[in-house]
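Visitor: Before I ask anything, here is the structure I am working with.
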Amino acid sequence: MASSSSTLVLSTLFSSHPHQTLNPNKNKSPFSSHTKRPFSSLTLKVSSFVKPKQPPPFHIPHNHQIRLSRQFRTYITVRDGADGGGGDGDGNEQPVVGEDSAEFILSKQKISSWVYFTAILGSVLFILNVAWIDNSTGFGKPFVDAVSELSDSKEVVMLILILIFAIFHSGLASLRDTGEKLIGERAYRVLFAGTSLPLAVSTVVYFINHRYDGVQLWELKNAFGIHEFVWLSNFISFLFLYPSTFNLLEVAAVDKPKMHLWETGIMRITRHPQLVGQVIWCLAHTIWIGNSVAVAASVGLIGHHLFGAWNGDRRLAVRHGEAFEVVKRRTSIIPFAAILDGRQKLPNDYYKEFIRLPYLSITVLTLGAYFAHPLMQAASFRLHW
């Protein structure tokens, strides 16, 4: 069972084209060439998945403008329909109007960028330790002590810590467009991470140190199959939790941070995988621990992610316009719902969207976090927060 520490810390680190009018009555399909060419500032890239035989038409309703994301890609054949929904029932599949999540092309990586990333990560961790974690120099313990004075209830303190984190994390996310205009994308990413990360660390450490302080509501640890069920659920949760955090160079502001409109991989299953992953993680840990502190932490975290799902949709609609509305219509928040009702048509080789280095990395890190549980718990206990 991976640590709650990895959940919050990783989710903190790794949580304009003009409108184009596509005329459906034109005879020439915009997908007839494999070469990039301007289409009123719109570039379409078609991979070998698209067969050169008479590509079906791409229908958009009359007088319907669509603003597409900057990295518009189409990897599969196009549905002959006007609603941007599922396939046409004849095996045809949907166009991808968003971006290919978890894409990692080794040939495009620069060694210098990863050297910068390593240096920045090391610097951030050093500053975080000195300014926040180390009890002799940091502000982490005074902050937790101040919050703890507000109530004698560990459950209430847990909820307050989550609320403080949520206000700053979601608040800064909501102000991203304005903030980036004022100070730039990289500077705002530093401000966002520099504020959210310490608060996340405090919340995680407090949970680890006080997870058994509440009222015991049930005890299922020795029940048959519970350990295996909780472990498997936790492992699955991490595959949902981090689909959009694979761009580590953007996370560290080595590359200019962007607000991506992901559409492949886990996004086909649920439009808000971080919400789903957090729910699975919370339920697994609450079943395992079975007390009031775990319940309070789960209520706070799930509530924050529900708000984040709504806020994320709102921000993507503002940034990506009609392209997001197309993605929204053919995806669902509830896992598999859009697939079952036919709005989402999976490619025949859908499994290939998961056989990628980023997903392998998450698998390795999740297994590592499970075996590192004793080390993380010991480190948290030594802080006495």
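Glycine is no exception: its Cβ is also placed from the backbone N, Cα and C atoms.
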Visitor: Given 187-209, 302-324, which one carries TrEMBL's transmembrane segment label?
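Guide: Feature transmembrane segment in TrEMBL: residues 187-209.
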Visitor: Given the transmembrane segment (229-254), which of the listed stretches 114-133, 187-209, 354-372 has the most Cβ pairs that are under 8 Å apart from it?
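Guide: It is 354-372, which has the most Cβ pairs under 8 Å.
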Visitor: Are there residues at least 6 beyond the ends of the transmembrane segment (114-133) whose Cβ is under 8 Å from a Cβ of it, and what are they?
Guide: 139-140, 193, 197-198, 201-202, 248-249, 252-254, 383
Visitor: For the domain 'NnrU' (157-376), what's the model's average pLDDT?
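Guide: PLDDT averaged over the stretch: 93.
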